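The active site, proton acceptor annotation in Swiss-Prot covers 41, 68 and is backed by sequence analysis. The active site, proton donor annotation in Swiss-Prot covers 210. Swiss-Prot lists 6, 17, 211, 232, 233 with the feature 3-amino-2-oxopropyl phosphate binding site, giving sequence analysis as the kind of evidence. Taken from Swiss-Prot, the feature 1-deoxy-D-xylulose 5-phosphate binding site applies to 8, 9, 43, 48, 98. Residues or ranges marked as site 'Transition state stabilizer' by Swiss-Prot: 147.
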């Protein structure tokens, strides 16, 4: 299984003081040595990663670069110019802390944007909710890759197997008894497996990501149809204590098959 390391949260730390430290390019070099892919989300408001980050990483790093972006003309034109290995199209809301759900596949610009990226020999992935309907639509839209949103799975795992329900970070909608949460968790994991199988049957390559960490990743790794995970915040958080290289290697060990 391949590991794409999302380095957005290193950019978050840099932007907190609006200086050039930590150096995102240095982080990209470490990911290039120890991970399989560099993933970077350039948002419409440029709150974290900047255009020059993407340009430098593509120019100086040998690893594949997976650009996450919304259906924004300015950023899509940047992608067409710089030509990352892959563009993963994601939904985006300015007020959100992180990507909250999968992409709406009925967007009028989506088909045209995919065609433009394909014409530039850029692989296209769609970040989607784990639903059979969205997988079938992704195939019709001629995406090569889908990335299944694992946020709900991760939230359920957190509610079941951590103390988050007793903290300020508890999710009100998951304030339920353990038996109910366990049933929902098992159902969501089964749904991820079903969706991954459907994607592979349709000839799509299947990735997964969002909220995955060192404690919840193992059940997802067992879904053999998933070939790649994109993980960011948990690896960067771990790197504060272990260093980025070790944090990546620890995750690589966990996702070995």
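Any Cβ shown, glycine's included, is placed from N, Cα and C.
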Among 9, 17, 43, 48, 210, which are recorded positions, the residue with the most C-beta atoms within 10 angstroms of its C-beta: 210
Please give me the CB contact count at 10 A for residue 147 (site 'Transition state stabilizer'), counting all chains in the structure. 32
For residue 6 (3-amino-2-oxopropyl phosphate binding site), the number of neighbouring Cβ atoms whose distance to its own Cβ is within 10 Å equals 25
From recorded positions 9, 43, 48, 147, 210, the one whose Cα lies nearest residue 233 (3-amino-2-oxopropyl phosphate binding site): 9
Closest of 9, 68, 210 to residue 17 (3-amino-2-oxopropyl phosphate binding site), Cα positions, recorded positions only: 9
Neighbour count first, Cβ atoms within 10 Å, every protein chain included; then name which of 8, 68 tops the list of recorded positions. 68
What kind of secondary structure is residue 233 (3-amino-2-oxopropyl phosphate binding site) part of, going by DSSP in three states? helix
